[in-house]
Ligand SMILES: C=CC1=C(C)c2cc3[nH]c(cc4nc(cc5[nH]c(cc1n2)c(C)c5CCC(=O)O)C(CCC(=O)O)=C4C)c(C)c3C=C
Ligand SMILES: [Fe+2]
Ligand SMILES: [Fe+2]
C-alpha cells in the first residue's frame with residue numbers, strides 16, 4: 001500500500017521502480033475568474049470565447065448561442081473590451097490588475113499560512129478561464145504531495161456563474177487524476193464578521209479622507225440575469241444581506257446606503273436597479289450630488305470596477321448633474337481582507353490541520 005505520510009521517497013517494501021511518494025501536504029487553492037493574457041484582439045477573443053461559452057454564465061442552447069457568439073459578439077467585443085483593458089493594464093508587470101492583485105493576495109495568504117502551519121500547507125491560485133488554469137494548478141499540488149485540497153473561489157457571494165463554475169472546473173480537473181486527493185470547497189463568506197469588518201473599515205477610512213461626507217454610499221454588485229434569481233440562484237439575497245450587515249456595522253440610517261447591480265450584458269432583464277441608471281437618478285431626482293461607490297462582490301479590483309465604475313458609471317452620474325464621485329477600491333490585499341480570508345480558510349481546514 002502507498003503510504004503518503006511516510007517521509008521516504010519510496011516505501012521500504014516496494015520494488016525499485018515503485019513511484020516516489022512525497023510527504024503528505026494540504027493544498028489551499030484560491031480561484032478567481034480569470035483575465036486575458038493581453039489586450040490584443042486574439043488574446044481578448046480567446047478569453048471571451050472561453051468565458052462566454054460557459055453555460056453556467058450564459059445558459060442559452062448552444063445551437064442558438066454559439067453562432068451568435070462566434071459570428072457577431074466575438075467579431076466586435078474583443079476590440080471594445082480590449083480598449084477598456086488597455087486603459088487599466090498594469091504595463092510594468094505586463095498583466096491585468098486582477099492578475100496582479102490575485103498574486104499579491106496569494107503571497108500574503110501563503111505567508112500567514114506558513115507562519116501558522118510551516119511547510120505542511122501549500123497555497124497557490126488558479127483562474128476559471130485562461131491562465132494559470134485550474135487543471136495545471138491541481139496537477140502541481142498533487143505532484144507536490146497534496147493529499148488534501150481546499151478549493152476556495154474568491155467570491156464573497158455564491159452565484160452559479162462564479163462559485164459553481166469554478167467548483168465545476170476543479171472537479172473536472174480531479175477527473176483526470178489517478179490518485180484523487182480528499183477535497184473540500186469553501187462556502188460563500190458574504191456575512192462573515194471579518195469580511196463585513198474589513199468592508200466597514202475600508203469605508204470608514206475612505207470617508208475619513210474625504211473633504212465632505214458623501215450623501216449616499218452605493219454598493220454596486222456585479223449583476224446576473226433576473227431569471228437566474230427566479231430559477232433559484234441565491235446571489236441577489238446574499239448581496240442584499242451584505243449591504244444590510246454593512247449598514248448595521250456602520251450604524252447608518254437606511255438612506256445613507258443602497259444596493260445596485262452593474263455590468264448588464266445582452267437584452268435580458270438583469271438584477272435591478274442598474275448602477276449606471278441609479279447613480280443618474282440619485283443625482284437628478286434625489287438631489288444626491290455627492291456619492292461614494294464601492295463594489296463588495298469583487299475580491300479584487302478589475303475591469304468591472306476600475307473601468308466600468310470609475311469611468312462609465314462616474315460619467316453617467318456627472319452627466320446627470322452629480323458633483324462629487326468617489327470610488328472606494330475593493331479590499332484587494334488590505335491587511336483586514338487577508339485576515340478575513342485566512343480566517344475563512346482556517347475555519348474550513350478544521351479537522352485537517
Ligand atoms: C455575460 C454574462 C456574465 C455574467 C452572468 C457574469 C457574472 C459575474 N461576473 C463576475 C465577476 C467578474 N466579471 C468580469 C468580467 C466580465 N464579466 C462578463 C460577463 C458576465 N459576468 C464579461 C463579458 C466580462 C469581461 C469583460 C468585458 O468584456 O466586459 C470580471 C473581471 C475580469 C478582469 O479581467 O478584470 C470579474 C471579476 C461576478 C462576481 C458575476 C456574478 C455574480
Ligand atoms: Fe462578469
Ligand atoms: Fe433576494
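Glycine is no exception: its Cβ is also placed from the backbone N, Cα and C atoms.
Unlike curated entries, TrEMBL annotations are predicted automatically.
TrEMBL lists region 'Disordered' at one of the ranges 1-20, 21-40, namely 1-20. Within 10 Å of its Cβ, the residue among the binding-site residues 222, 304 with the fewest other Cβ atoms is 304.
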